[in-house]
């Protein structure tokens, strides 16, 4: 088993951390479930953008559910331990969901690029079949990435220290505990996780660059709305990708633990997604209000 040190060993801080994580978890569950129900029940929200948003909401729920429930229980316990099998499962699902969300955010940027830069061809390019294929590819890519990370980790010999300086099991910290030379494996893992994060982020930056150029040349009131949507999307993307690039695109054993940075992409980013996509989208807000009135 592994011992998880968490974010702090001070009791007063643990109470504050528990409150923050509990509220964040509740917000993510309620906010994203509300988005999913709203999109599924309103025929007006049947465009590819809302189909992808629905998938993003589901991934956000999965992402925070991999780490937060266990951490909340640990904050109430004196001995914070996790079995080896549970640690490997947490590592697998974290990278599975995380990589799938990276690919999905890239697909969402591509969707906005087609909608703004090629509006006349949008319905032909982003039809329902293409959307399902793209989402399936995101899940398949996430699974392939995660299974590689997990297989590289699970075959390592663990016979010495068992203390993980974080509140969940992740590759950089777990492989440091192996009783063998991990130089080759950590570079393989860094090239896997880090390059995927960097590649997706660069594709996003390129997509939004083309969008900005198109808006600058052909600026209309509709493009202003698109620009506002893209700006909020860029903010969430930056909060999600930059910490991942910082943590994974480097040798794991030569840098200290960055457990506080992990909070950004495991908790803060899932919290912001429903807030940004509902409060900044009039169509979703109108549909939610109509859903609320019909349920009363």
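Using N, Cα and C of the backbone, Cβ positions are placed for all residues, glycine too.
Not measured: the values here are computed from a predicted model.
The transmembrane segment annotation in TrEMBL covers 15-37, 49-68, 88-110, 130-148, 195-215, 227-249, 261-279. Annotation source TrEMBL lists domain 'G-protein coupled receptors family 1 profile' at 31-277.
Confidence across the domain 'G-protein coupled receptors family 1 profile' (31-277), taken as the mean pLDDT and rounded to a whole number, stands at 85. Long-range contacts of the transmembrane segment (49-68) within the same chain, counting only residues at least 6 positions beyond its ends with a Cβ under 8 Å from a Cβ of the stretch, are 21, 24-25, 28-29, 31-33, 35-36, 39-40, 90, 93-94, 97-98, 100-101, 104-105, 107-108, 111-112, 115, 128, 131, 135, 138, 167-168, 266-267, 269-270, 273-274, 277, 284. Counting same-chain residues at least six beyond the ends of the transmembrane segment (130-148), those with a Cβ under 8 angstroms from any Cβ of the stretch are 48, 51-52, 55, 92-104, 107, 110, 192-193, 196. Sequence-distant neighbours of the transmembrane segment (227-249) (same chain, 6+ residues past either end, Cβ-Cβ under 8 Å): 98, 101-102, 105, 108-109, 112, 116, 171-172, 189-190, 193-195, 197-198, 200-201, 204, 208, 211-212, 215, 258, 261-262, 264-265, 268-269, 272-273, 276-277, 280-281.
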